[in-house]
Each structure stands twice: as C-alpha cells, then as structure tokens.
Amino acid sequence: MVVRKFEEELKYMEKLNPYCWKIKKGFQPNMNVEGVFYVNSTLEKLMLDELKNACRPGMTGGFLPGVKQIANVAALPGIVGKSIGLPDVHSGYGFAIGNMAAFDMNDPNSVVSPGGVGFDINCGVRLLRTNLFENDVAPVKEQLAQSLFDHIPVGVGSKGIIPMNARDLEEALEMGMDWSLREGYVWAEDKEHCEEYGRMLNADPNKVSFRAKKRGLPQLGTLGAGNHYAEIQVVDEIYDKWAACKMGIEEKGQVCVMIHSGSRGFGHQVATDALVQMEKAMSRDKIETNDRQLACARINSQEGQDYLKSMAAAANFAWVNRSSMTFLTRQAFAKQFQTTPDDLDMHVIYDVSHNIAKVEEHVVDGKLKTLLVHRKGSTRAFPPNHPLIPVDYQLTGQPVLIGGTMGTCSYVLTGTEQGMIETYGSTCHGAGRALSRAKSRRNLDYTDVLAKLEEMGISIRVASPKLVMEEAPESYKNVTDVVNTCHSAGISKKCIKLRPIAVIKG
Amino acid sequence: MAGGDGTEVFSEEELKLPPCKYEYLDHTADVQLHAWGDSLKEAFEQCGIAMYGYMTELETVEIKQSAIIEAEGHDLESLLYKFLDELLFLFSCEPYLICSKVTITEFKTDGEELRIKCKCYGEEFTLGKHPQGTEVKAITYSAMQIINEPEKGKCEVFVIIDI
C-alpha cells in the first residue's frame, strides 16, 4: 500500500456533489479507472477517519481502509466505468464491503475475483409479508420469538434439521429453489420473487470440492452467526404507497419477517478453494494485483470458469438455505396462530443477493456491453421495465431489501433509472459497520445493550452474548443515513420502512 | 493412543496448555488475529488457538481427542493460510473438533514446498457445554503479515479472519 500523509491522500479525492466523491488515478498504483463513493456528511467523516487511521507510515499490523480498497479494485484488469463504493462502504478484505465493479466480458484480459463476491457467496435478504398486524402479534410476541428461535438453528456449531444426504445436496446445488419446491419446502410463487428465480443455471456441482460439500451438508437450513438474523418486523412508514401496494403492504403496523443469511460453510469453502486455485493462475498468466486477497483469474480461463460454476452452486445453496428457513418460519407462525401459512398470506415479497457476481447487459459510454458485475455488500437495484425483474414489479422497479442492525430499522427501496446508469443498477446492502468488533466488545456491556432493546420493545433471542455487543446498533453506521444517501443521490428510491419487534440471532 | 474404553489417552505433557500469546486487534468488519512466540512455529500455533478462542470460551474445552492435519504452501503466507483453513475445517464438519491446544510436529519452511504437520487437541463442539462465540467464515490474505526475526526475538503473525 502507498502510505502518504493524510493531507497528501486528500489531494487524490474530490467531492463531486453533496453525496458523491471521486478517487483519482494514482491514489493506488496501476488504477485503470477512477473510483467513486457515495456518502453524506456523516458517512463521509467515518470514511475519512478510516483512511486517517491508516496513514501511519512504518507501523506493523493495521489494515487497508475502504477508500484504498476501492482504488485497488480500480486497478484490476478489464474493469469498466468506475470502481464504486456505496453509502455503507467500509473496509473489508480485497474489495471493500459495499463495493461494486463491472468487467467487460468481451475483453480477453477481464477477470473474475472471488474477493469481489466475498466468502459468503449469495449472502442475501428475504422479506416475507403476513396479513397480521402489530396488535395481533403483541400479546404473543415472546412466544413467537421463542418459537422462531426453536425452529431455526442459529449460531456457531448448530446443525440443520432439514433431512439431507449427500445425493440431496448434489441435487440442491444444481437445482437451487427448484429443489426446495420439489421437496415441498416452498411455494411455486416464491421463486418468481427471487433474483434469478432462485436458481443459477450454470451451477456445476462437479466443480465443487469434496471439502466444500462436507462443510456444507450439516449446515443447510441454518442461520449462521455474525450479522445474520431473522427478525419479526412491522411496517413503520410507507413512502411510496403505490409501490408498497404492489408488494402486498397495505398500511402501517403490518407484520413482516426478514431473513438475512447466506451459503454458510459451503460458500465459505468454495471461495477459499478458489482463492488458492487463482493464486496459481495469476502467476501463470502474469496478472498482478495490489492486494493478495484480490486474487483473480481471467474470466475465460479454466480457473475463472470453474469458479463461476462453483459460485453458482453456492448461490443455489444459499437460496435453498433461505428457503428452508422460510419453511421453518411459516411453520412457527402457523403453529402460533393455529392456522396455515397460506391463510396468513405469508408470501415472499422479494429475495436479494448482496454478495454475488452476475453476467448482465449495461450501457457503457453509449454502447450496450455484456459485463460481469461483482457486487460485494451491494444489492442489485434494477429500474422499472427491466426484463429481468418479475412481472409484479415491472412498473415499480425491483424491490431492494436493506437489512438494518439489531434494534434499528430496515428498508425496502426500489430500483431507479438513474441507478442503472450511474452504478450499474446497484445500491447499498445494509448499515455497514462503523466500530470494530473488538472495540465493541471492549466498550459496550451486553446487559446494557439488552436492556436498551427491551426498552424499545424488542424481544431478542441470541445464541452468543458477545455477539450482542459486536452487533449492537452503536457498532454500525446509521442505516437511515445510508438509505437517505441512496435516495438523495437517486440510485434507488425509498418505499417502506420496517421496525423490528423481535430478533433471532446467532 | 487409545484407552480401554475407546477414548484417547494423553500424556501429562500433552494435556499441558500453552501460555496465551495472542490478542484480537481492531478491524472494521472482521477480526484481526495477532499472535507471537519465540519461534515462528510457536506464533503459528498461537494463531490457531486465537482463532478457536473466537469461537468459544477455551476454558470450557477439555482435551479428549486429537486429530492430525497437514498443510502445504508455496510461501509462508500461503502456508499460514492453508494451516488455519485446515484448523477451521476440523471444526466445521466431522469431527467438529474445537481445540485448546495445537502442536506443530513438522515445520518445513524452506525449499519449494513448505509443509506443516500438526496435532490438534480438544473435543467435539457441543451446544450446551461450549458457549457459542462467533462463527469464523474463512481466513483472508488481507493485510496478512508474517514477521520472522527469531534472532531479534520477533516472531509475529497478523491475520484477518472473516466473521
């Protein structure tokens, strides 16, 4: 990494408008394109503080700030347009979290990078609606939270309860949600409301290592830990009545369930294996990157193709995983209210993927191009009339689900034409961390955090008390700042605000 | 060595836990492990324990079984990466081993192929017995640093793990 004084570093950055900064070439070596990031004044401070902290020449330890990572991505071969940081951007590994970048499929030098997808392949958010209202749920809130916690395996070392053997896994990897549908875990219409209809067709389980399958098998149908959660939420605000109506959200107080999870150990291992493979390909093809974690391979190389096929299998795993938890959630609700999920109108509003790479068509400098779009901690947000979004949302634009943090709020946005042009139809994915996990553990007390949640009327079931501190709202950026920045910058549009009343976490 | 009832028997030396030579450093999204030792081998071992320490409270882990892992790499960084990945794999599926001690028995850090052989001591992770800490998704190369200066008494590693 180039280390200069903070004042020197600032010369490479320029504020384009109140919501957008440019990172000029030269900020990091070999940048092919410029970088850009979207922030408001509050988020801007966090971003620049992260950089300031890293400007200490000669120190050991330390890590790369998000702005440097955005610039490193801009140095990857075949990148087109810009390396883009969304408002929740912060330091990750390889790519920043909240970073998207597109590569020209027709340029033989273009690369695919597992670091641009992340270890949790197809981590994403699913939102279910119900026809219940807050006052229906309030009297049984504790029981319902407990029931969800009992139904869904959470936390480190928990194992799935959906019966599954090695052959089932192979089929699930190939079929994605079609497998869940065949086995009776989801409804046919759930698929309609998923990106890619819950199945990536290029998935090839034969390209996946035995290790990944072994790691994935016991974890299918588990929530995981870290920032993953299942929340019972109520509609707190409706900004776009018409679009909300299309999603089956009629008025304030309506109860929804949000599930945030990914491909579990399966995806983590697929990414780990790919990283090792690609290191070899890089030395063979003489590809140089600024950061070892940005290991990549040419899209058309064997390693590149193998990764895309195994990544697709991991994406399918994640959809089956979220579908299994959808099933468990529907069961928990049906038991509590002694009715059927159908009568509770528990439809999937939408399911988004925020760690993924996809082949998409976009207009670059006036020309239609086929691009490999990497979104890491970034959500696809396609505008109205886009052919790849379901018929129900053709006029509203794609619903974009933004999971907040424990005890704050979540949002539903819709995609816009401006976002399609400026950010290749991408927007933020969540709040984004502000405090480090270690700092949260030191500075916060878990009983305080729990007491505060109780005060706000939020029931919580959590497997690990330490996680409560790490995941406390104070550890994150304000999700409202993030969403408002997306809205003001025009890259997506606010539709619904949701407030949690019960949280299930690892 | 197997005991009469099929459980493993360990020597006193094997049951002795090493001192703690690691810490968790600040990182915005994830956790940075910082481990050190008198030799690079010790720093690697400590780094492994540091990772297990993030998953549960190590005081609750008894040494009841062991496993042997092997890792290879083409440089020190890839060796450390593979080593930690193997340890994570031990935990993530059969035998679901959580370890309070790892002893590297072979540590070859010169030549083309670098190699580690390591004996890992612990027991099967059991909900109810072992408090659930945080799940480690993967090891990363991000800002990985290995300082190998035993003559100056400076053997340290820095690794960011994805949470």
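Note that Cβ sites are derived from N, Cα and C of the backbone, with glycine treated the same way.
Note that TrEMBL annotation is computational and uncurated.
Since the structure is predicted, the reported quantities are computational estimates derived from the model, not experimental observations.
Among the candidates A:His354, A:His362, A:His374, the one that TrEMBL lists alongside A:Cys123, A:His260 as binding Mn(2+) 2 is A:His354. Per TrEMBL, Mn(2+) 1 is bound by A:Asp120, A:Cys123; the candidate from A:His193, A:His228, A:His347 named for the same site is A:His228. Checking the binding-site residues A:Asp120, A:Cys123, A:His228, A:His260, A:His354, A:Thr405 against chain B with a Cβ-Cβ cut-off under 8 Å leaves A:Asp120. A:His354 (Mn(2+) 2 binding site) has A:Cys123 nearby among the binding-site residues A:Cys123, A:His228, A:Thr405, counting only those with a Cα within 10 angstroms of its own Cα. With respect to their backbone Cα atoms, A:Thr405 (GMP binding site) and A:His228 (Mn(2+) 1 binding site) stand 10 Å from each other. Counting only the Cα atoms, the space from A:His228 (Mn(2+) 1 binding site) to A:His260 (Mn(2+) 2 binding site) is about 5 angstrom. Counting Cβ atoms from all protein chains shown, A:Gly432 (GMP binding site) has 29 others lying within 10 Å of its own Cβ.
Between the CA atoms of A:Asp120 (Mn(2+) 1 binding site) and A:Asn227 (GMP binding site) there is a gap of 12 Å.
Ranking the binding-site residues A:Asn227, A:Asn355, A:Thr405 by C-beta neighbours within 10 Å puts A:Asn355 at the top. The two recorded residues A:Asn227 (GMP binding site) and A:Cys123 (Mn(2+) 1 binding site) have their Cα atoms spaced 11 Å from each other.
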